[in-house]
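Summarising the annotation, TrEMBL assigns signal peptide to 1-26. Summarising the annotation, TrEMBL assigns domain 'Gnk2-homologous' to 30-133, 139-249.
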Amino acid sequence: MVMESSRILLFFFYSILIHFVKPTIAQRDPYVQHDCYTTGNVTSNSTYRANLNNLLSSLSSKTQMVNGFYNFSAGENSDKVNAIALCRADLTSTDCRSCVNMSAHELLQLCPNQKEGIMWYENCTVRYSDRFIFGSMESEPMQVLISTTSTSNRILYNDPLRSFFNSLRKEASGLFGKFANATFKVQNSFNIQDLTVYALMQCTPDLTQRDCDDCLLQAQDVITTCCNETVGARVLTPSCNLRYENSRFFYGNDEPPPSLSPLSSSSSVYKRYTVPNAYILILLLYRFSC
C-alpha cells in the first residue's frame with residue numbers, strides 16, 4: 001500500500017512537471033545547456049571575476065588531466081574560484097580540450113555576473129563556484145532532455161532493461177574513472193520491433209563510489225519515470241550524467257573516436273526540462289519508501 005501510494009504520488013508530480021514547466025526545443029546543439037546560479041553576484045572589475053576569467057581561460061591548457069577530468073582553483077578567501085571540467089571518457093585528449101575550451105568561453109559570456117555557473121556541452125561539462133565543490137555530490141540543478149521521437153515499446157519498464165541500467169550504474173560508480181557505456185538489445189515483445197539501446201553513465205571521478213551511485217540513481221529514477229516511450233533522453237546534473245539513445249553515440253576501446261566538429265550536426269530534436277528541486281525530493285522519498 002505504501003509503495004502504491006508513493007508511486008501514485010510520483011506520477012502526480014511528474015504530471016505537474018510536464019504540464020506546468022514549459023519546455024524549450026533545441027535543434028542547433030541539443031546538449032548545450034547552462035545554468036547561472038543566483039547565489040551571488042560579482043562585478044566585471046572585481047578580483048573574483050579576474051580570477052574566474054584567468055582560471056577558465058586557461059582550463060583547457062592544464063596538463064593535469066586524468067580521465068578527462070580537471071580540478072583547479074585560483075585566488076584566496078572570498079575571491080577564490082573553484083572550477084571543474086569533465087569530458088566524456090571516450091574522447092581523445094585533443095577533443096576533450098577543445099570541448100572544455102568552447103564550454104568555458106561560452107560560460108564566461110552567459111554568466112557574466114554570477115559567482116557560480118555550469119555549462120553542459122555535447123561532450124563535456126564545465127563548472128565553477130565560490131564554494132568548495134570538489135568531492136561533493138550535487139544533483140541540482142538538473143536538466144532533462146527528452147527526444148521528441150517516440151516508440152511504441154515502453155522500453156524502460158522492461159525488467160531486463162531496468163536490470164541493464166542497474167548494472168551499468170554499478171559499473172560506472174565502481175570504476176576509478178566513474179564512467180561506463182554499453183549496449184542492450186530489447187527483445188521483441190507483443191509483436192513490437194526489437195530496439196537496441198545505447199547507454200552511458202558518468203560521474204566526476206572525485207566522487208566516492210556511494211555518492212556516484214546515488215547521483216546516477218537519481219538520474220535513473222527520472223528517466224524511468226519520464227521517458228519510457230522515447231528513443232532517447234539525457235539527464236544532466238553537476239556531478240553526474242546519464243544518456244541513452246537508439247543509435248550509437250559513444251566509442252568502444254577498439255575504435256578511436258573521430259575528430260569532433262565544434263558544433264554537433266545532429267538533426268535530433270529534444271525537449272528540455274529543468275527539474276524542480278521539489279520533484280527531486282519526491283523521487284528520493286519514493287525510492288526510500290519502496
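Numbers run from 1 along the shown chain.
Yeah, the Cβs are placed from backbone N, Cα and C, and that goes for glycine too.
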DSSP residue counts for the domain 'Gnk2-homologous' (30-133), split into helix, strand and coil: 35 helix, 30 strand, 39 coil
Local confidence of the domain 'Gnk2-homologous' (139-249) - pLDDT mean: 85
Number of helical, extended and coil residues in the domain 'Gnk2-homologous' (139-249), per DSSP: 37 helix, 35 strand, 39 coil
